[in-house]
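Record features, source Swiss-Prot:
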| type | residues | note |
| --- | --- | --- |
| ACT_SITE | Asp78 | active site |
| ACT_SITE | Asp80 | active site |
| ACT_SITE | Asp138 | active site |
| BINDING | Ser61, Leu208 | ATP 1 binding site |
| BINDING | Asp80, Asp138 | Mg(2+) binding site |
| SITE | Gln59 | site 'Important for nucleotide discrimination' |
Amino acid sequence: MNCSDLFYADTNTENTLHQRTQLSEVILSKGIAKKNELIEFLRQELKEAFDCDVRFWLQGSYKSHTLIKPVDKFSSYDIDIGVYLFFDAENEGVDSKDVKETLRDALLSYCSINNEAKLQESKNACEGLKFSTFLTVDTPIYYKTDTKIKLATDKGWSDSDPKAIQDWITNYYKDKSDRALMKRLVRYFKAWVNVKWQNTGFKKIPSLAINVLVAQHMKQHVREDDCFIYTALSICEELESTLIVRNPLNNSNLISMPQDAECFAHQKLDELKQVCLSCIKSDDIKRGAHFSNLFQHYFPQISLDSATGSTGLPTVVNVPEISVCRYDKNGNHVETIITDRLTVNKGDSLTFTIRNHYDFNIYSSAQWTVRNIGSQANDANDIGHSVTGKPSESHKRGTSYTGSHTMECMILHNGAIIGFKTIHVIVKPARTVRRKTLKFWRA
């Protein structure tokens, strides 16, 4: 197992960390269509409302080509559409709140003719829509003159030039391969944030801050995993004392969050630092285990054989003995087996239970990670998920997509991996129907 190739490899376009972070072409094309439709609607609506030239400029992750797949099928990705009004709003006494409210009314009108869109809760610096197709559109609105650009916020007009910071990010590296590496590293960090902040309620490290950090701290090595490790260590060192990322153009802080969110971010950055330090002197197998835990279902399935002691993980002393209880789509019990690989029909449900859970420390935890592979799962924005519980607790999952998938069970205690098992699940399209062969003679 080459851990670097699990991050990114020219020869592997199907199952790497980089590939698994990228949005499905089907999902992205739907989002682009919605984006274009919304722009054309707002162009006419706002032109009449403000009696001025109205233009649009895409910004954020979509513009910088660092969009990543949402963390699960219940989450969404963002496309940011900057709305520009070409008149001096302040000079004409136009209040920023009135501008935002007019934009919100226009978005509400759009929702009335598009049942896939719902109005988002208003934010200080933008309004937006949430679509049913995994898409969120944020629409910050500005006024622009020959000498200034101001963003409409609830607190007034604010200096802001997203195009300038985007140009800074785009042009930070001149070499094409350096730019490509930077974008990949940004995606890796965003995947890490998605996983570690999921369901916590804490504000995430903003995408713009991640872009600036990666640009300023990117370390180039022959191996892709080393690029991530040493870039992460440099970033962690930068943020260790104070969680501040300065805008390189105006010195403002790109990370602004409540104290509890800041403490949580420091905790996760400390964990990231320790993982990366552990990886420096580790072999590929041990690195793979660390990265599987770090990125969870975004990371490709790794292979460990803890039974033979060849893992390079001396702490792995017990192999989870997992039984799989299988039910068909009608809830009828089909079988209960202990196996490393099984074939099921789409619609079946599987319950995984660690039979020897008593062999593990009573304070350990079991992390169950589902990894879905294939176009059906990819287009449904469901490449997997991770659930943590007690080793004595069973875990149930469905079988919604045809293809080869895995269920990974990782037993953790005090941050150390003390057990590991992978079960491969082959999902067939449907129950096979045997056709009767009718033999007859022709006269």
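These residue numbers are counts, starting from 1, taken along the chain as shown.
Just so you know, glycine gets a Cβ as well, placed from its N, Cα and C.
Feature map: Swiss-Prot annotations on the structure.
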{"residue": "Gln59", "record": "site 'Important for nucleotide discrimination'", "Cβ within 10 Å": "19"}
{"residue": "Ser61", "record": "ATP 1 binding site", "Cβ within 10 Å": "20"}
{"residue": "Asp78", "record": "active site", "Cβ within 10 Å": "16"}
{"residue": "Asp80", "record": "active site", "Cβ within 10 Å": "21"}
{"residue": "Asp138", "record": "active site", "Cβ within 10 Å": "18"}
{"residue": "Leu208", "record": "ATP 1 binding site", "Cβ within 10 Å": "20"}
Exercise for the section: State the Cα to Cα distance, in Å, between Asp78 (active site) and Asp138 (active site), rounded to an integer. Expected result: 7
Exercise for the section: Could you measure between Gln59 (site 'Important for nucleotide discrimination') and Leu208 (ATP 1 binding site) for me? Cα positions, answer in whole angstrom. Expected result: 10
Exercise for the section: Using C-alpha atoms only, work out the spacing between Asp138 (active site) and Asp80 (active site) and round it to an integer in Å. Expected result: 5
Practice task
Give me the Cα-Cα distance between Leu208 (ATP 1 binding site) and Asp80 (active site), rounded to a whole Å.
Solution key: 12
Problem - Asp80 (active site) and Ser61 (ATP 1 binding site), Cα-Cα, nearest whole angstrom - result: 8
